[in-house]
């Protein structure tokens, strides 16, 4: 597997011939890739092996002891179909697990630059010769089925998230129709893999019931054949008892999850929306009725991925005009932290930075000394040059700033 979280930026990793790097090598999320980007997993993909073991181990015990016991003790014609069905059912369940965890859940590609600002912030203090700062609105209103829905700006991906999209703090990606991040499959559950996720959970529930039922079939057949009590029959097949206990516990988890997601599908909600917005207290703009909601999940075409992980990064041609002094993030001017990313708040105050730069220019003027050893004030032109240098440092410092420091002046003082 190839971890992309430690990979370099878009412009790094190019080949000797100047080729752009492959997308999966330059990926800025925390995903893990397999087979040169053909499979994409979350950073906790190792938990996938635990899930596979929890499925394969009891299925193997069932085939080796329960199904074989039916063949040996009673009827070969009964035990063989039971074993074949268990093997096929397990393979089907594992294939759904791979389809859920190894595909793009609906990741929205990041922007290389923030979107173009749409207005000016009249509250910010600006000088006579400065461009008024432009602040991106934190939220935008979008109308969905006649109901206004707010879409948020993502500072990490530098885009306005579409409706039902959220930023996963584990994978570090914005995911369309984000449901939740499932540690058991090691992947986000979103627009492109929710169908397979539910099919996996539901098929696991059926597999548990299948194993549970035929374990009892073997126990009852032993009791009837030997004319003994049910407790003595259970003692003759300890593997069946172990599987009965295991599947009974497991079915409460996967069965309960199946019922819960069936409710979510019937009302066209996601897990994230159900816990955060509580549509039972207000109108759900996505609810189309039970039949249409179920059809939307299982009988619509899954949209293609918006990311070509096996391709090369698209290089920008020419310079794109970007706001420098005039651009302000939606979070600028307050202690901010991406709540969904779990970061610590960082003070981002552009007016305070400008004041510190002004103090730096004043300090340079006071340090100038003439030949007689007396201090004198710097000329207006020199003072303006010092401020211009400070402004250039500010522009460069925005990309090289140490995230652990909240004051630009500390960095400039090195």
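Glycine residues also receive a Cβ, built from the backbone N, Cα and C atoms like all the rest.
Heads up, TrEMBL stuff is auto-annotated, nobody curated it.
Values in this document were obtained by computation on a predicted structure and should not be read as measured data.
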Stated TrEMBL location of transmembrane segment, expressed as one of 28-47, 48-67, 108-127: 48-67
Annotated range (TrEMBL: transmembrane segment) out of 241-264, 265-288, 289-312, 313-336: 241-264
Matching range for TrEMBL feature annotation, transmembrane segment, among 171-195, 196-220, 346-370: 196-220
Per TrEMBL, the range holding transmembrane segment, considering 74-92, 131-149: 74-92
Secondary structure content of the domain 'Palmitoyltransferase DHHC' (150-276), with strand meaning DSSP E or B: 74 helix, 19 strand, 34 coil
